[in-house]
Amino acid sequence: MVFQMPIALLKFPNDLLREVFRLCNPFDLYKISKCSKKCSQRSITLGGAKNWKITYSGGNVITIWVDGSNYNFNQADYPEDYFQMTIGRYSNYMDIEFPNGGGVDLFFYLLDTLGIRIVKSLEITFGTIANVAKVAKVLADRKMEVEHFVIGNVEEVQDVVDFMPTLSQMNITQEFHCFLNFPPDFHFEFVKYPRKVVITDSSWFTIDQLFECTCVRIELEKSTFNNHDLDAFLQKWKKAGTFPNLRRLQILSDFIDDESPIQEMIPPIQTFNNPRIRVSIDGHDGIVDGVRVTKDDGTVGWLKVEFGVWPELNFLIVDPTDTVVEEIHDDVDDETDDEW
Amino acid sequence: MSSTEQGTSSAAPAEPTTAPESAAAPEVPESFYYVHGKDKVVHKVSAGALQHSALIHGMISNLGYTEEQAKANPFPFENIDGDILQMVVDWCNQHKGKPTPPEDTNLPKQKEKLFDLVLAVNYLEIKELLTYCCKQVAMMVKGKSPEEIREIWMIPTDAEDEAAEKEAKKRAGKEAAGETAAAAGDAK
């Protein structure tokens, strides 16, 4: 039963309607769009583009990010649960009826109805490759920005292999994170690199790809790079104008050994100064006991190659605006810090 | 407008009162203007309060009216109901020369007037009050189901929209047919 005094919203001039819609959250706008087709159309037309972002993992939840809060649209099993909401300080949930096309249809309904222009994250998780692939194809066609794309360690490896050509057409801007173990004959070329790539089984990522990589940050685990590859990379890096974006490189490879030199140094490569030197970016992601390497144009990098649990190369490129070089005492843990 | 005149409404405008003198600096005498709505009741409002309205501010900024001229030429807002204009004037007075707080407790409370108030505020271009009013309109549907929203905001269902569209088409067809018949009659 509604006790509110009614107000004829659709008789408002468009600029007022736009202002009212601007003040609504994603749950409000979704419900308004469900009032009637006309209402849905007007909310699309007048809602305008927003800085809201959307996240989808191919399942039964779609999340809209609004500043610091998130609004989760969950699939409800029973009609009596439709539009039931749980409102929290930051996380909010609403049960809704998913359309016949499931999460994929809802994803595009929300994208269009709420005027969303950026996908915060798209993730392939167990059993979701088909849905994510459908969404990714349309996003690639629309040339829409996807900030983060994650491939989980799913069982449907061949489906992911088949999907990869679509991935190469996508506009992934911030991060590509891959946990999947691809088959030995797998090959993939990035057309455009995001700011960051993290590949936990990177045996397919070749040294030529590393040479062409435009990322700010590269993390490769289970790499096949050997000392010679890494030396070649550093030789190239030293030339002026190469790798203009790169700030951080981390490579874990069983093929790094203590038999051949990298930059004329036999690994492990590190300093034994007292006090020890820690170099970090804005205080994070530091390298302790690194060796200074200088580029032809004077840019400084800090290199460390060590044999811990895995042989590992760490390289950090200095930018005077954010790089912190500090002396540390012996009792400080020398592991790399949080990501920046 | 001085505090004693807040909400003053009369067919004949009240005489302006003198603003309290400051010991620190001589105060520039405040200028006043007069507005009336559909009901012709004249409201005396200070230029400071009227600054909230971009429309009125634009109108008065180059006038250079004397007190007498202003009194003789109240701004007519025939499209705004008197009680709505009163609410707007009250709000402008309460917020004269002050930054508006994020949560404004001086908002007009009468929900039944909200629709007319929003239209008036939009017309008078009072940006802050408009945002508050629109926020209040948006708040009306918080936590409501689409059925309830439809009721609160008087949104027709798809079936009602379709029926209205059919009716409009039918009427338009009839009118066109009538015009054709009239034109044929004229020709004869």
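We number each residue from 1, going along the chain as drawn.
Including glycine, each Cβ sits where the backbone N, Cα and C put it.
The region 'Disordered' annotation in TrEMBL covers B:1-25 (among others).
Residues or ranges marked as compositional bias 'Low complexity' in TrEMBL: B:8-25 (among others).
Annotated domain 'SKP1 component POZ' per TrEMBL: B:38-96, in sequence order.
The feature domain 'SKP1 component dimerisation' is assigned by TrEMBL to B:127-170.
Sequence annotations record features per position, and here TrEMBL assigns region 'Disordered' to B:160-188 (among others).
Mapped onto DSSP helix, strand and coil, the compositional bias 'Basic and acidic residues' (B:165-177) counts 13 helix, 0 strand, 0 coil. TrEMBL lists B:165-177 with the feature compositional bias 'Basic and acidic residues'.
Feature annotation from TrEMBL assigns compositional bias 'Low complexity' to B:178-188 (among others). Note: the compositional bias 'Low complexity' (B:178-188) comprises 10 helix, 0 strand, 1 coil (DSSP; helix = H, G, I, strand = E, B).
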Within the domain 'SKP1 component POZ' (B:38-96), residues counted as helix, strand or coil by DSSP: 30 helix, 7 strand, 22 coil
